[in-house]
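So that you can see what the record holds, here are the features copied from TrEMBL:
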TRANSMEM  B:38-63  transmembrane segment
TRANSMEM  B:83-105  transmembrane segment
TRANSMEM  B:117-138  transmembrane segment
TRANSMEM  B:144-166  transmembrane segment
TRANSMEM  B:186-206  transmembrane segment
TRANSMEM  B:226-244  transmembrane segment
Amino acid sequence: MIEVNDIHKSFGDSEILKGISTVFEKGKTNLIIGQSGSGKTVFLKTLLGLFIPEQGSISYDGKIYSKLSPDQKSELRAEMGMVFQGSALFDSMTIAENVKFPLRMFTKQNKSEMNDRVNIVLKRVNLDDAHNKLPSEASGGMQKRVAIARAIVNQPKYLFCDEPNSGLDPRTATVIDNLIQEITQEYDITTVINTHDMNSVMEIGEKIVFLKDGIKEWEGSNKNIFKTDNEAVTNFVYSSDLFQRVQKMYLEEDQ
Amino acid sequence: MSYLHNIGQYFLMIKQIFRKPTKWSVMRHLILKDIDDLIINSIGIVSFIAFFVGGVVTIQTALNMTNPLIPKSLVGFATRQSVILEFAPTFISIIMAGKVGSFITSSIGTMRVTEQIDALEVMGINAINYLVFPKFIALMLYPFLISIAMFLGIIGGMAACFYGGFSSVDDYIAGIQMDFIPFHMVYAFIKTFVFAFLLATIPSYYGYYMKGGALEVGKASTTSFVWTSVMIILFNYILTQMLLSS
């Protein structure tokens, strides 16, 4: 579980995060949503420890990040997995080497143990025939699955995903969303996903935090986001015709 | 202010290179890969340039010695001094600032743009140690490259003498053995080690701290080449003043 308490983050004179507090629960897919420029990426990078907030605290299962020693911070980071928007695979390594990388860095496993673990994880993301391909030879969806495999190979406690299905076709995006949700439940980890994709919100949004201009405007789940009367949320959710029709259906069902 | 900021950040990066080392089993592979990329892959171009520039130095020297009282062996002597003292350590280093420096800046810069450096940092890895330390160690073999340049520069001069008929090979060999001062080799290799350090760290700095996209990677490579060259020339002057003017 990750507890965020009143965090503020600025760059120069511009304050990006203006006192956000929330809780991301274990075993659930927690989504951060909001329009472009709402502070989602800065919030996610602050959760990852890449940005240090000027005010407020973040605690990971009771461990307050700012009070940890550098070694403890490194240990905590080894418990985090991250799926970047552009996958961020190491392009000089093959897919198998990319997935093996965290094991080589942080474990004392021998070669065959590492290879076994890589095989298990690549099979889990349905990539058991792509070991020797380079990232440049893989499609966008495959790259995302490799990034997920790399993020979970070392059995992290926390999984962070920055727009995991951006640039993917709707079918592949749904596959990726479902894969993340299954892994979250299977490994019982705290997953935080940064997205502005409404399909993801509907599919896997067990906990949703809506940001607007660096402020937490609303929080809830995919079950009650269509029924909220918060104007900022409704403007965001019903910005497309499709979801306006979905709202209409919901209202008709209620009547 | 921006210059002061860059200088401060550069020295902080250098401190970070030697902190929190990457696991040796991983680092060993990185070092071997960088030796291949930075040293072995440069042997061809360095050999080619050294051989022909050595020849040109010999031709220029020979053509400018019109006084019959000057012994022909002086052509070999002048070529040796030019190649060992300046051409091999300094001129080759400027070329390497273009070849190796641009490679380092663009490869690290691309990693920055594609969030690969963020991925390393998220994993709790000291990205500066992981990326820059192997290049620093690989470039400690740079004197090997400069030795090849020295040797081939002098051989190139001999070939020019032989084929151009500017002096006999015997005179040339007598010239390259004339008044040899071993400290000149020490001076050349001290310069080489300093230039190797600059070649590893300045391009890494511009790659690591770049911001933006593909266009900025290109700009960072150009800036890194300019500043690496400027620093090589500046340190060449300082070291020459310190080591030879006594």
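All residue numbers here begin at 1 and follow the chain in the order shown.
Cβ coordinates are placed from backbone N, Cα and C, and glycine is handled just like the others.
Contact between the transmembrane segment (B:117-138) and the transmembrane segment (B:226-244) is not supported, since fewer than 3 Cβ pairs fall under 8 Å when only residues 6 or more apart in sequence are counted. Here the transmembrane segment (B:144-166) does not lie next to the transmembrane segment (B:226-244) in space: the count of CB pairs under 8 Å, restricted to residues six or more apart, is fewer than 3. Counting Cβ pairs under 8 Å to the transmembrane segment (B:186-206), the stretch among B:38-63, B:83-105, B:226-244 with the most such contacts is B:83-105.
Sequence-distant neighbours of the transmembrane segment (B:83-105) (same chain, 6+ residues past either end, Cβ-Cβ under 8 Å): 37-38, 42, 45-46, 49-50, 53-54, 57, 135, 139, 142, 145-146, 149-150, 153-154, 157, 184-185, 187-189, 191-192, 195, 199-200, 202-204, 206-207, 210, 217, 220-221, 224-225, 228-229, 232-233, 236.
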